[in-house]
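Trainee: Mind looking over this structure? Questions follow.
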Amino acid sequence: VVVDCSSTGIKQTFPCNNWLADYEGDGRIERRLKEDISLRKTYPPTVPWYVWVHTSDKKEAGTNAQVILVLYGHNGKSVNIKLERNSDALQQGHCDQFKADINDVGIPYKLRVSLSSKHLSHSWHLDRIEMENLKTEEHYRFFCGRWLSKIEDDKQIIRELPAQGPGIPKPLPIVKYIVDIFTGNKPKAGTDANVFINIYGERGDTGARPLEYSLQNKNKFERKQVDRFIIDAVLLNQIRKIRIGHDNTGVDSGWYLDKVVIYQEDQSYGPLTFICDRWLAVNEDDGQIVRELTLTADLHDTTYHVKIKTGDDLQAGTTADIHLQIFGQKTETEKMQYTSVNNSIRTSQREHVAGFTFQYHDLGKIEHIRIGHNGKISGTGWFLDWIEIDVPHRREIYRFVCHRWLDTRLGDDRVEHDFKPTEIIKTIIPYEITVFTGDKVGAATNAKIWIQIYGLRGKTDEILLENKFDTFERNSIDKFVVEAANVGKIEKIRINHNSQKIPSAWYLEKILIQQYLSEPFHTTDRKSDPNVEEYCFICQQWFGKDQVGKETIREFLSDSGFGNMLYDAKGINYLVHVLTGDKGSTGTSANVSIRLIGSKGQQTRLIPLEVMQHRRFEPGNVETFLLEEPDIGDVEMVEVQHDGDTLGDSWFLDGLIIEIPVQERTFYFVCNEWLSKYKGDGRTKRLLKAQDLIKPSLSSLIPYVVNIHTGHVATAGCDCDVSLKLFGTTGSSSEHIFRKHEGNFERSAIDIFQCDLEDIGKPIKLRVRILPKSIQGRNRWFLEKIQLIKHIKQNIKEETYSFEFNDWISHETYPYFDIFIKGSIESSMHQTTYRVITKTSNLIDTSCDANVFIMILGQNGDSGQLALKNSSTFLNKFERGHEDIFTFENILSLGPLKKLLIWHDDSSVLKSAWHLEYVRVDDMKTGQTYMFPCNKWLSSKKDDGQIVRILVCNNQLDYVIGGHSYITNGLIPYEIEVSTSDQPNAGTTQNGWIIVEGNNNRSEKIFFKNTIDNKILRRGQPDTFTFECQPLGEVRRIILGHQGEHERPFKKINDDDANWHVSHITITDLSTGIKYEFPVQKWITINNEGDVFDCATRKENSTEQQPHRRKINYKIIVHTDSISGASTDANVSIILFGTLGNTGSLLLKQKGQRSFQRGGVDEFIFECLELGKLKKLHIKHRNSALSSDWFLDKIEVINMDTNEKVSFPCKQGLGRKHEDYEVQLDLMPI
């Protein structure tokens, strides 16, 4: 069952795959279906519209052809809207009504109407179309009065109609565009195919228009011929590009297009030329029959070389037509079609690599691609291995490892997929080469020295090492910075010495090479940048024909021994022991990398682990690596991954042991999982957690006898390994795996094992996890109970602990359960419900569509991995400024919470950069609240590139929970909301600051800093900040300032940034909930000494004051002046301020009436809480319509309970054409 709600933009799928029949399957005719979240799709929500189509009252004006509409507005354009009708035809002189759901295009400016039928008999004379937005109740008209016909008028079946209605002071004109098509002078350059063109401008596009009737030639598009066409369209303004192509029909469909020239009939601007000079043919050039052309002056085409490899699986090839679309930071390509039939791209052969080249304007950095096929022939499934895109202009190769079926019968049944780059290879990168000449007599040389670098991806050209000054002097160090081909991991170098000069002998001590993998050399920090790889080559050899051996060319291998570490002295040594499983083919020859994650949130680079003596992690082996990396504190997590794509690269990792010798610390990481695309859960990347993050050091081991009782129910047995982890009063043990052997974990079985676990004090709970060996096996298990018999000091004392469960454990639903000990259950070990609240920061582009996970750590252990799937507050979770709430029931209490791990899987193509403000965890059983501040990005592209954060509980930030405040450090939290005015140039890119004064204290200067990733203080934008300080008491005044960037003192400040217009500031004491309002309404100049503002309204405490204010009605009477041009179509809003409070923003709008006309009086009635004596009226009109200027005479406000009238005179214009340019004012009563 698929439920598609267009108003919310959510499409949900509820799988069933079962019979509803009393004689089939289980005989049930009613089923409850659960949504498969992974299949949920979202798209922009739609707005309902009424559409009235008026057919003209002319003879034979009606039609039974399909009518299609496309609506254009300031927010974009709609999809094709097919008018589905009950009657057969749109009848002469008749009005037909339709209802359509249309994506929100904003205020419309044109409507395109077309007939889908190409029959000559289908003609239609359209009088007009009227449309009403049911959400805003605004009505628009589109007048036509012409034929859509192949035999009438100008024989066109597409018309564009300008919009008339609210917010549109003057409809756009319809203009004639003259289009000259120049066919090239090449053999067989002409075409018989049907050609179309789409012209794109600042105001939308013309849609695809068929070029059918040439004004000059009966037989169009012939070699060396010019054909002219006229296209009627609503004014596009500046034309930016065109899209031209044909349908590949006819005997000679290939076409060589020279250029296209376009100009307006009224000659409002000169001819625009679009150079093509290429074939549009499936059997010529790159096989494209549609091209996008930009203006000649804007042509900066970039060449792209694409390679596509078909996999080596059986029947991996396809004969279907392939399409590819590339998305970059700047723009994206059209969907490019490549046919397999004519071999423009050959994908039919297994393991074949197809290559092609195309040119397009610069896309910028490639972010993702979309590739698929049409699957129009049965059995056209395709196994795609990988894609490479070489962009010489950017000196980059983008590699996409796909390794999946694009097939309706295999994999996920999809024939189109999006892929992000697996690897970005810089083809040309900087190298810093440091040459150490030895300290020997005669070691210096004047000869020319060349170096050639060899790596896993090839070799560089010979590089001449030369500087402006003397080089290669005795006991000297010379540095050279060069750019050369990226050879990958460097394996060796070749040194070439030109010995023609005298003296020419040279003694080379060693060479150090720094390889900059991404950033240019002058912007990286050698001592800390993980993108720098260093290689040392110990030479200690003479060069020269007059020396022993007479060698002038030598090769040296990189010195990779443990005794020559090349990193900065600030790093410390880590010993990493990698334990590969010992059963069967568990080893791998893939490239393995790890990343260490510390207790303070620091992380190392992704470190490749190179096996020294052989190229495999062998089954049962322990490989040891010595690493030197920055000190990250205690190692709490390890990210481990490999790049293997084949079945033979499958690797079973038992675990990792990491030692820090200088600190005498050891950390254990248990994996016991496959890293494989073909085994286990199909993942080649794991995030492992240290076995105990709470304990300060490794505890002694205690022997246990473990009795595992499988239940006596049908199908109770399983084919899985079983994992146990014990939690106690002083910490938790390592995870211990009990392997599945014949007879183990079967129905009614009692399996006895022995193991050693760390001393965790008094046991509290036991975590039981099942580990499936395959997807097809029995992955459900009925566990009755587990007994642990603890042996201390050679069986002198024995204790037995029983953990009873009597329930199913299923890997498909929940792979592990926590079972508390039977009897003597401590109060801290009750089951509880945790409510997790995440706050996404209110910054630009902070939303996240990736899968997010957390792990909560407390005194009694951890929660295990919890997926934040379903927010109870928002359907679309992790959006900007949102608080999302997730509830986890029946979890054993973790006691007082200490830390929280949060991460996402970086799976979203478009929205995976997430800025998290904080996480709050509520223990619903105890009522205790724990705050985990973050204020960092979780993003592989922003900040420090990390997607994992370790947050420490900080309950010193005492937010008001449930009306109570908990202050533990003497500091009070305050919130500042700054509203920048919504008027021209009101915002600033500089920094703001504020000082808050109360009757007891005064805060420090608090800065509002603008950065690239945190753009604040912009026009019409509210920004929220928090700070802590000693209690201020009752807030009395603020000092507000505007300051340039100290970090860039010589940067010239633009005039637009020299002033900042602040509308309003609200300060909230979070410990009491009291708000203080400051209606600033003033320009704040750059580098001022601070402007002082007093608190304008009395403090508000909603819980104390609201019950004493009655609800009453206020009548608002607005008098527009009678001078010429006084009217406005803009939206007007007001805020009334009184001694008891304010109304908030009130929109002055009446359904079905046109307000604020010259000399008019408009009345509005609002119900709100009693305001007391009126002190001020703030009026604002949104200056967005073309005729939004307004001259306001006065506003009167009547308290309908007491009939008291208060007048607020204005006698002033609001809008751009008036002298003060104001669009909002504060009016005072008389």
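Just so you know, glycine gets a Cβ as well, placed from its N, Cα and C.
Sequence annotations record features per position, and here TrEMBL assigns domain 'PLAT' to 1-34, 47-162, 175-294, 302-420, 429-557, 572-689, 702-823, 832-952, 972-1098, 1112-1228.
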Trainee: Hey, does the domain 'PLAT' (832-952) touch the domain 'PLAT' (572-689), meaning at least 3 C-beta pairs closer than 8 angstroms, sequence gap 6 or more?
Mentor: yes
Trainee: Taking a Cβ cut-off under 8 Å, which residues six or more beyond the ends of the domain 'PLAT' (1-34) line up next to it in the same chain?
Mentor: 40-46, 48, 101, 875
Trainee: How do the residues of the domain 'PLAT' (47-162) split into helix, strand and coil according to DSSP?
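Mentor: Split by secondary structure, the domain 'PLAT' (47-162) comes out as 0 helix, 65 strand, 51 coil.
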Trainee: With DSSP helix as H/G/I and strand as E/B, how many residues of the domain 'PLAT' (1112-1228) fall in helix, strand and coil?
Mentor: 0 helix, 63 strand, 54 coil
Trainee: Quick one: mean pLDDT on the domain 'PLAT' (302-420)?
Mentor: 80
